[in-house]
C-alpha cells in the first residue's frame, strides 16, 4: 500500500472526504504529505472554511453608511459617530462546552475577546447566549454551573463586563448545549487594524502563550457530530489563562495605537495555520515560517502539533516595516513570549520549514478557498405537520392567573439574577443599564454623550416551526429590544447553530433561516457585519440522531445619541398610564404558553410585518427621546401578560389593565400569545404620548395604570378578571434559577 | 490632590480608578507601572485599584505586594501619605502588611457582583469626613475573595480604635464582624472591598461613593 493510498484512506481523520482528498491531489498535482492533508482538512473544515454555509451568505446585506468593516475580518465594525467605532462579533463554543463546560465557556470568552482587540478595539462588553436541556436534569445543572463558572472565571479576571445575554432551556439541547459569546469593543476610527500580512519583506511575529498540545484538532472536532466518544476528545478542549490574555490585550492595543502594527490576528480555531493563512490570503502573498522557532510548552512537539494546536492567548503581529524593534520592545514591557517566526514572500505559497526541510508547501489560495457545497434542503414532514396543526381544539385553562405564575417560573423566562450576579457587569464603569433592568444592555462612551446598546436574541421554537419566519423574527426582536432602551439599531452579527447540514431537513432550516435573516436585516437597515457558523450540533446515541432546535442567534448593536435619553423595563411609580404600541395578539401558535401549559410545540409563528415593526420601533424611540417615557418593554416569551408582570416586579409596583378585544379572540392568545411588533410603555403624560403616537401613525391602545400591589388584568368581553399579588409573582419569577444552580 | 494609580499586570479597575480620580481629585492623575522604583514627585494619594494582579497566582495580591513599586508605596505611607486600596488593592494592602488581616474566599465560594449597603462607622477619618457616622451608602461589590479575617485580638483592636470604617448592613461574603473596610491606626491607609470609584456618577446608578473622594479633597495629610 502506498503512502498516498494510506493517506487517502485516512482522509476522514483529517476532516476531509475522499472526494475532497482527490480534489486536493488534482489541485496541487501531487500527493500531499500527512501534515499538508491535516492543514487542508482544518482550513476546509466548516469552522474555518464555511464550506456548507458560505454559498448562502451572499444573500446577506453587508453594506451601509454605518458599516466601517463588514464580513471577512476578525470582527465587524460600525460607526457610532464622533470618530468612534464599535467592533463586535459572536462566536460559539458549543462542542467544547459540552465535554468540559468550565474551560469550554472560558475559552469561548477568551477567543471572542481576541477577535475584538485584534481590530484595534478595546473590549468593553460581553453578552452570552446560553441554551441548555431539561432544567431538572443533573447534566443540565452540571453544564449550567460549569459554563457560568467558566464565563465568570475568564470575564471577571480580564476585566471586561458581562452585561447581558440569554439563558433558555429546551430538551433539544440536552446533550449539546449552546454557548454563544458576543463581545463588543470600542475604537477610534484611526486605530482600526486588519488581519493582513501587508507587503513582501514584512516579518511575522508570534506573541503570547507558548504552544502546547491542547486543543489539537479543535476546528475538526467542532465540525463533527457529538457522540459518547466525544469525551475522549477532551484534549481537544483548550485551557484558558485570562491573566495572559489581559497582558496580550494591553500589549496589542498599545502596539496598534503606537502605529507599529501593519497586521494582526488572533490564533483561534486551527491555531497558527488558520491565522497566518488568512492573513496571507488577505494580502495576496505567500509566506515562509520556521516551525523550529515556535515557542513550545513541552519537548518533542512535531509539525502537526505546532501547526494545529489551539493553545489559547496567542496572536500573530506583523510589524510596520522599520518598526520591528519598536514592536519587540513594547511587547517585552508586558513580559510576553515574542518570536519572529517568518516573513512575507513574493511567491503565493504557504511554506513551512522544520529542521531545515520544507514540510508544507501549498498555495495560499487553495487553503483559503474551501470547496463549496450547495445542498438540497427538504422540509421535514414531521415539522410541517406540527406547524399546520389545528389549534382550535386546545382548551382555554380555567385559571388563567395560575398560568401567569407558571410561565414566570419557567426557567427560560424566570429572573437570571442568580447567574448574572456572578459576573462582573460593572467593571470599566460604563454600564448604564445593567443585566435584568431592560431588554438590552447600555454602555456609555466616556468622553462623549453617547451610549452603545447590545442584545442577543433568538426564539428557537419559532425557527424550528418556520425557519424563515423564525429567523426574521429573531432580527426583529433584537431591533425591538434595542428600541426599548432608546437605541437606534445599527447592524448585526449572527451565530448560526444548526444540526448536520448533510441531512436535507437540517440544510432546509439553515437555508431558510439565512433568507429570513437577510430579508429582515435589509428591511430594518441592520446589515450583517460578520458571524460564526456552528453546524453538526446533534447528538448520536445508538441509531437515534437528536438535532438541536435550529438556533440562529442574532447579536445586534445600536447607538443612543444621548445616553441620558433611555428607558428600562421597570415601572417608575404609581399612576402612570400603560400603553401597548402595536396590536393585540390573536394566536397562541408557537408560543411558550402552548409548550409549557399544553405540552405542544405547534402552530404557525405569528405573522411578521417588518414595516409595522419599523413603525413601532420608530415610535418608541421618538417617545423615549422626546422624554415622554422612560419605561419600555418588548413582549416576547409569555406574551403581554408576562411582560406586564415583569414590569411590575422590576418596579415593585402593581398595575391594573383592561384588554378589549372581540369575544372570538382566544383570551389565552390575548394574554400569552407572542405576536411581534408590540412594545409596552408607561408614561405620566397621557396627552403628550397619545398625540405623539397618533402623529407617528402607529396603532396603540391605552391599557390601564400602574399602582397597587397586584397585577390585575381584565378581559371584559370574555368575562375574565385575573389578579395575582405582586409578592406571588415576584416569588415565582425570582426563585427558579437559584434552585437550578444549586 | 495629586494622585497616582498603581498598575500591576492584571489590574483591571485601574482605568476606573483613574477616571474617578481625574473627575474628583486631580485632573492630572496618572498611572504608575509596577516596575517603577518611585512615585511621581509630590504624590499625595496612592490608589491601588481592583483587578486580578498577577492573575491571583499564589494568593490574591500576594505577588503585587512584593513588586518594586510597593517599596515606594510603603515609604509614602510611612511619611503619612494617603493610600487607598480597593478590592484587589485592599488584598495588596493586607498582603504587604500595611493593613492587618486577610481576605479569603467568599462564604458561598462564588464571585459576587451587586450593590451592597455599607454603614459608615467612623466619619472622623480623612477618607470619610464628608459622610456622617451611621450613614448608610450604596456601593457595588465585585469580588470572589472578600471574606475579611483577622485574629480575635486584631479584630478587637480594630473595633476598639474605630478602625472599622465601613460595615456591611447585610453581609454578602462572610466577613468577620461584617467588616467591609478598615483603616490603619495612623489614619492614612484605607482598604475596602466595595468599589467607591464605581459609584461616583448618577448615570451609573449611585453617587454614594463620591463622599470618599470629597473627604480626601477636604483632608490635610496628617503630619
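Just so it is clear, glycine is given a Cβ too, placed from its N, Cα and C backbone atoms.
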Looking at the ATP binding annotation from TrEMBL, with A:50, A:89, A:531 already listed, which candidate in A:128, A:494, A:570 is the matching residue?
A:494
Annotated ATP contacts A:50, A:89, A:494, A:531, maximal Cα-Cα distance (Å, integer):
16
Around the C-beta of residue A:50 (ATP binding site), how many further C-beta atoms are within 10 angstroms, looking at every protein chain?
20
Env. residues of ATP site, Cβ within 8 Å of mean position of A:50, A:89, A:494, A:531 Cβ:
A:71, A:90, A:91, A:493, A:495, A:496, A:528, A:530, A:532, A:533
How big is the gap, in Å, between the Cα of residue A:114 (substrate binding site) and that of residue A:89 (ATP binding site), rounded to a whole number?
11
Residue counts in helix (H, G, I), strand (E, B) and coil for the domain 'PurM-like N-terminal' (A:438-559), per DSSP?
46 helix, 45 strand, 31 coil
Paired segments the domain 'Phosphoribosylformylglycinamidine synthase linker' (A:12-51) and the domain 'PurM-like C-terminal' (A:574-709) in contact, 3+ CB pairs under 8 A:
no
Cα within 10 Å of residue A:50 (ATP binding site) - qualifying binding-site residues among A:91, A:92, A:115, A:266, A:312, A:532:
A:532
Quick check: do the domain 'PurM-like N-terminal' (A:72-186) and the domain 'PurM-like C-terminal' (A:574-709) share at least 3 Cβ pairs under 8 Å, counting only pairs 6+ apart in sequence?
no
For residue A:266 (Mg(2+) 2 binding site), which residues of its chain lie six or more apart in sequence with Cβ-Cβ distance below 8 Å?
A:74, A:111, A:114, A:115, A:118, A:275, A:314, A:315, A:316
Tell me, which recorded positions from A:47, A:310, A:532 are within 10 Å of residue A:494 (ATP binding site) if we use the C-alpha atoms?
A:532
